[in-house]
Amino acid sequence: MDGEAVRFCTDNQCVSLHPQEVDSVAMAPAAPKIPRLVQATPAFMAVTLVFSLVTLFVVVQQQTRPVPKPVQAVILGDNITGHLPFEPNNHHHFGREAEMRELIQTFKGHMENSSAWVVEIQMLKCRVDNVNSQLQVLGDHLGNTNADIQMVKGVLKDATTLSLQTQMLRSSLEGTNAEIQRLKEDLEKADALTFQTLNFLKSSLENTSIELHVLSRGLENANSEIQMLNASLETANTQAQLANSSLKNANAEIYVLRGHLDSVNDLRTQNQVLRNSLEGANAEIQGLKENLQNTNALNSQTQAFIKSSFDNTSAEIQFLRGHLERAGDEIHVLKRDLKMVTAQTQKANGRLDQTDTQIQVFKSEMENVNTLNAQIQVLNGHMKNASREIQTLKQGMKNASALTSQTQMLDSNLQKASAEIQRLRGDLENTKALTMEIQQEQSRLKTLHVVITSQEQLQRTQSQLLQMVLQGWKFNGGSLYYFSSVKKSWHEAEQFCVSQGAHLASVASKEEQAFLVEFTSKVYYWIGLTDRGTEGSWRWTDGTPFNAAQNKAPGSKGSCPLRKYIIVNSGMGACSFIDTPPCPWILSN
């Protein structure tokens, strides 16, 4: 209450009611004041109750008060004559007659106005019905808005889920980048190791070429010696034909020459073995070069692909970040719009309650009005109130139209958000596909790493074999043999072989025996046949059992040199313990 004006405030608008001839003034939106609204509502109800009681009292007084006699006379006239109850020649009564006529005209005008007011009241009722229907439509729109709000909440939950998935993808991409960096470092290490292996192979090849050059010179010298021996043989044959007396000397010389020929044959065999080993080494080196070229090409392709994939991944991540930021902004705008819609909905509900209260009061007052004067007074007051309410309803309709436009804007924003979510889902699928490709590339890189490791192991094995071949090792049947030039006792030779991770040679087949005989000539070599610890039960030192059925018993105790063993197994004698000077040995690996 402020003087003669009454103010009603909602969350963001205030309406003031003034006395007659003063219109309602719509004040500027004020800040929400819930305590003032709580205080104004009881005051408004009290004022409405007092106004209704006063109106009821006036109506009762109008019904109980008798009509003045002059007015009855004016209205009804004389019951007998039907004329006015005054004399025409009386000037005083003539003036009263004019006044009464004027009063009658005024009353008729009021009656006509009352009929017009009845029409306006009917129009107001129609408008009230229209307002009720519009309020029902507004309630339906509010229900649809609530459904849209629930749908927006679901979309926001989906957006939250997408943001979590995007964070997971970021963490997986960071792990993938770290794995790619580690693989790059491994590739650099592999390239460095390959370069070192290449240098080692080049140096080994140079050494091999030098040794082959030396061997070729030795072969040339051997060929010249063979030619000289052929000439000597021709001379010896001529001398044998000419003189039988020199036959013994010639036979002796031939025997010596045959020994030289055996040496030459051994040299030829060694030369052939070296040539085969060299050809194999050249083929392996060529294969290694091709493998290195393929590995370098594959490394370059892999690096280019990984770089392009990383660039594409970074661009897509930036793109996703931008979209997520825009989605966050749109979600913030939607939240703000939802808050505005909620506030406007509450305001509309308050106005609807006020409108219902006003309509109920209007109906009760319309039922209680019985006289024309009371109807005029009440209608004047209610016309003003109705105009105020109409203005309020118009403002509510404007707000409803604004709410409808905001609802449409929310629908469009929801459609945009749905399209954005669909596009984000597509981007997520693309990111998943990219992750699968990265995993495939990682598996390929792991396979390449395994291949490179196996190639490095093969290169190391080949390098070791090449070094062993260059050091004088012989290859036969998947095993390597080393014919020593240092003489030791059998026990010392065995201990040396065990310290090198090998053992004295064992004869497991006729082919192996033939191979060993080919390189031993007339020199004794220790082999790994022994009965130490098991008197009379012979065995090989590498654990291979000695087959007594296929081989004849070696004889008495002791370890047997190779030539003795061969003689024993040919049935030419027995292998006994030999107290001779130390012999060289055959190392088998």
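Glycine residues also receive a Cβ, built from the backbone N, Cα and C atoms like all the rest.
Features of the protein shown, as given by Swiss-Prot:
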DOMAIN    476-589  domain 'C-type lectin'
CARBOHYD  Asn79  N-linked glycosylation site
CARBOHYD  Asn113  N-linked glycosylation site
CARBOHYD  Asn207  N-linked glycosylation site
CARBOHYD  Asn230  N-linked glycosylation site
CARBOHYD  Asn244  N-linked glycosylation site
CARBOHYD  Asn312  N-linked glycosylation site
CARBOHYD  Asn385  N-linked glycosylation site
CARBOHYD  Asn399  N-linked glycosylation site
TOPO_DOM  1-39  topological domain 'Cytoplasmic'
TOPO_DOM  61-589  topological domain 'Extracellular'
TRANSMEM  40-60  transmembrane segment
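Overlay of Swiss-Prot annotations on the structure.
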residue	record	Cβ within 10 Å
Asn113	N-linked glycosylation site	14
Asn207	N-linked glycosylation site	13
Asn312	N-linked glycosylation site	13
Asn385	N-linked glycosylation site	16
Asn399	N-linked glycosylation site	17
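Cα of Asn207 (N-linked glycosylation site) to Cα of Asn312 (N-linked glycosylation site): a distance of 50 Å. If you measure from the Cα atom of Asn399 (N-linked glycosylation site) to that of Asn312 (N-linked glycosylation site), you get 50 Å. For the pair formed by Asn113 (N-linked glycosylation site) and Asn312 (N-linked glycosylation site), distance between Cα atoms is given as 83 Å, rounded to the nearest Å. Between the CA atoms of Asn312 (N-linked glycosylation site) and Asn385 (N-linked glycosylation site) there is a gap of 70 Å. DSSP assigns Asn399 (N-linked glycosylation site) to a helix. Looking only at the topological domain 'Cytoplasmic' (1-39), the predicted model's pLDDT averages out at 51.
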